[in-house]
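Participant: Pulled these features from TrEMBL for this protein:
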TRANSMEM  54-74  transmembrane segment
TRANSMEM  102-119  transmembrane segment
TRANSMEM  126-148  transmembrane segment
TRANSMEM  200-218  transmembrane segment
TRANSMEM  239-256  transmembrane segment
TRANSMEM  302-320  transmembrane segment
TRANSMEM  332-351  transmembrane segment
TRANSMEM  371-391  transmembrane segment
TRANSMEM  398-418  transmembrane segment
TRANSMEM  424-443  transmembrane segment
DOMAIN    474-552  domain 'STAS'
Amino acid sequence: MDSDDPTTPLLGRPRENRIRRAGARLCSLESWRRRFPISIWLPNYSLDHLFRDIVAGVTVGLTSIPQGIAYAMVAGLPPQVGLYASIFPGFVYMLFGSCKDVTVGPTAILSALLAKYVARSQDFAYLAAFLTGCVIMLLGILQLGFLLDFISKPVISGFTTAAALQISASQLRSLFRIAGTSGHTFIDAILNFFTNIKTIQLWDSVLGVASIIFLLLLKRVKPSGNLEKAFQCVLRARNALLVLLTSILAFVLYKPDRSPFVLTGKIEGGLPKFGPPPFSTVVGNTTIGFNEMLEVFGAEGLVMPLVAILESIAIAKAFAGSAAVDGTQEMIAVGACNLLASFAQSMPATGSFTRTALNHASGVATPAGSFFKACLVLLAVTLLADAFYFIPRAALAAIIMVAMMSIIDFSIVRILWGASKSELAVWAITLVVGASAGLEYGIAAGAAADVLRTLANAARAELTAQPCKVGIRGFVLVTLPSGLHYMAGARLGRRVRAFREGNSPLVLDAAALHHLDVGVAEALVSVMLELEEQGNKVVLWNLRENHQRLLEQLRPDLRSRFFNGPAIEQRLLDGEIQAGEGDF
C-alpha cells in the first residue's frame, strides 16, 4: 500500500492507540507500585502494625516449625528442607505479596505430589521449586490467571479430598510404626497398613493416638473469662506445644541403646548451601542431565505449579473479605517465592490454609508478618536444630492427620446431589482416580470429565416454547438460549419441529442469543425451510446484526424473516406476520 494513502494512518491508529495505552499502563508509577506492594504499605507502617506483625509472626512460626519438619518427611526430604521452605519464601513474600494474611511455606498436598520424584533423588525437590516458580511467574507476567477459572469447584474439592486421604493414609506407617512402605497412593498406603498390621508397635501407637486426641480436644476448647487471651495463645500454638511435650517425654525415656519411639533424628542445622538449583543429579549410579530430569517430571510435573497457585489464590480470596485480590500479583509473588527459594535448598511452597487462618486470627497487619515468621524459623534451624532430634515421628504424624481433617470435604456431596448430579460425578471421578492412581492423574481425569460435562450441556441447549394469541391470531413463541454451539445443531432441529402447532407460525425469540456457530446456523436454516414447506412460517425476532448477516450469507432470501424493535404482538396485529387462526 502506498504510504501516501490517507487511509493508512486511519487504519493503524486504533492499534497504535491501544499499544500506547498498554505501554502507559505498564510503565506508570502506579503499575510498578502494584508489582511491589511493600512500596504501598511500608510508608504508612506504624508501631501498632509492628507489634501486631511480631505477635502474628511468632504465633505462626511456632506452627510452621513442626509442620515444616512433618511436610518435609511426607515428601521424603531431610527435615531442615521443610524449614528452609518456610524461611526464604517468607522473606520474598513480604516484598511481593499483596495479601497481608497469606503465609507461604510447604503444604501437605505439594509434599505428596513431590514424594515420588524425591524417591529418585532429593535434587528433584530443589529443581521442582525452581520450575514451579518459573511457570507461575510466567503465568503472572502474561496475565494468564484466567486459565485457573477452567478448574471447577468439584474438581478442586475432589482433588483436595483425595490428597488429604492419601496424606493421612501415608502417615499410618509413622503413627503406628509399622513395617513396609506407604507407596504413592491412598490405596497403596491402606494395603501396606493391613498387610503389615501385625508389626504395629505399642508405644508409638499409644503416643500417636494420644497426640491426635490432645490436638482435637485443644481445637474444640472455647476459653472464656480473665484468662481467655492467654488460653487463645496456647490453643493457637497447640502443634508446637505437642512437639514440646512429646519431645520432653522422648528425652526422659531415651536410652543410648534403645528408645520407645521412633525419633526425628539428627537435623543438619544452620544455613543452607546457597547456589543455583541442580540441573543434573545422580540416580543410582547414573548421572542424568537437565533434559532427563524434565522427562522424569513429564507433563504430570505441571500439576505442582497449578496446585500451588490454586491454593494460594483460593486462600487469598477466602481471607480478603470485601477487598479485591490481585490474582496476577499473587502469581508473581508465589512464583518469586519459589524461584528465589530454590537457590537456598527449598522445596516448593505456596499459601497454607492452616497457617494463613492462624495469621489472620492473630491480627496480622501487613505482609511483614511473614518476615517475622521467617525470622523465628531461621533462629530455630540455626540455634535449636539439636533439640529437634527428640521429636517423635508419631507426634508429627498426628499433627499432619489432624490438619488433614479440616481439608477433607464430604459435605459437598449433599449439595451436588441436590443441585447437579453431573458435577457430583466429576467430583467422584477426581476423588477415585486421585486416590487410586495418583493425585496428578486425579486432577487430569476430573478436568477431562468436566470438559465432557460442559460439552454435553452445550449439546443439550434448552429451548422453551409458549403458545400465544393476539386476538384471533395464534403463534408459538420459542425462546432461544444465550449460546448455540455446533454440537447443538441436531437437537435444535428436533426441538423446533416438536414445537410446531398446526399451521401456526413460530416466532424464535433471539434476544438472549449471543453466540451462534455456523453449523447451528445451517441447521436453523434447514428447519425453517422445512417447516415453511409444511405451512408453518418461521420468523426470527431480535436477532443480532452479525447473526443476521451469517444467515443471509447462507440463505439471502431470509432477510424478510427478521424482525426487531416493537413487540411481536403488534407485528401480528399489523398483519406483517400471517398467523393461523384458532385456539391452541
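Every residue, even glycine, has its Cβ placed from backbone N, Cα and C.
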Participant: Could you pull the average pLDDT for the domain 'STAS' (474-552)?
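Facilitator: Average per-residue pLDDT within the domain 'STAS' (474-552): 88.
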Participant: Counting Cβ pairs closer than 8 Å, which of 102-119, 200-218, 239-256, 332-351, 424-443 has the most of them with the transmembrane segment (398-418)?
Facilitator: 200-218
Participant: At least three Cβ pairs under 8 Å linking the transmembrane segment (371-391) and the transmembrane segment (302-320), pairs spaced 6 or more in sequence?
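Facilitator: Judged by the Cβ rule, the two regions do not touch, with the required three close pairs absent.
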Participant: With pairs fewer than 6 apart in sequence excluded, do the transmembrane segment (239-256) and the transmembrane segment (200-218) have three or more C-beta pairs that lie under 8 Å?
Facilitator: yes
Participant: Establish whether the number of Cβ pairs under 8 Å between the transmembrane segment (332-351) and the transmembrane segment (302-320) reaches at least three, counting only pairs separated by 6 or more residues.
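Facilitator: Answer yes: the transmembrane segment (332-351) meets the transmembrane segment (302-320) with 3 or more Cβ pairs below 8 Å.
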Participant: Of the listed stretches (54-74, 239-256, 424-443), which one yields the highest count of Cβ-Cβ distances below 8 Å with the transmembrane segment (302-320)?
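Facilitator: Maximum Cβ contact count belongs to 424-443.
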Participant: Are there residues at least 6 beyond the ends of the transmembrane segment (54-74) whose Cβ is under 8 Å from a Cβ of it, and what are they?
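Facilitator: Beyond its ends, the transmembrane segment (54-74) has Cβ neighbours at 80-83, 85-86, 103, 105-108, 110-112, 115, 167, 170-171, 174, 233, 236-237, 239-240, 242-243, 264, 267, 347, 352, 354-355, 358-359, 362-365, 368-377, 380, 388, 391, 393, 396-397, 399-400, 403.
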Participant: Cβ under 8 Å to the transmembrane segment (102-119), counting only same-chain residues 6 or more beyond its ends: which ones?
Facilitator: 60, 64, 67-68, 71-72, 74-77, 82, 85-86, 89-90, 92-93, 125, 128, 160, 163-164, 166-167, 170, 184, 296-297, 301, 303-304, 307-308, 311-312, 315-316, 319, 330, 333-334, 337, 347-352, 355-356, 359, 367, 369-370, 373, 400, 403-404, 407, 438-440
Participant: Same-chain Cβ contacts of the transmembrane segment (424-443) under 8 Å, 6 or more residues past its ends?
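Facilitator: Contacts with the transmembrane segment (424-443): 109, 112-113, 116, 151-152, 154-155, 157-159, 161-163, 165-166, 184-187, 300, 303, 306-307, 412-413, 416-417, 449-450, 453.
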Participant: Could you give me the DSSP helix, strand and coil counts for the domain 'STAS' (474-552)?
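Facilitator: Summed over the domain 'STAS' (474-552), the classes give 37 helix, 18 strand, 24 coil.
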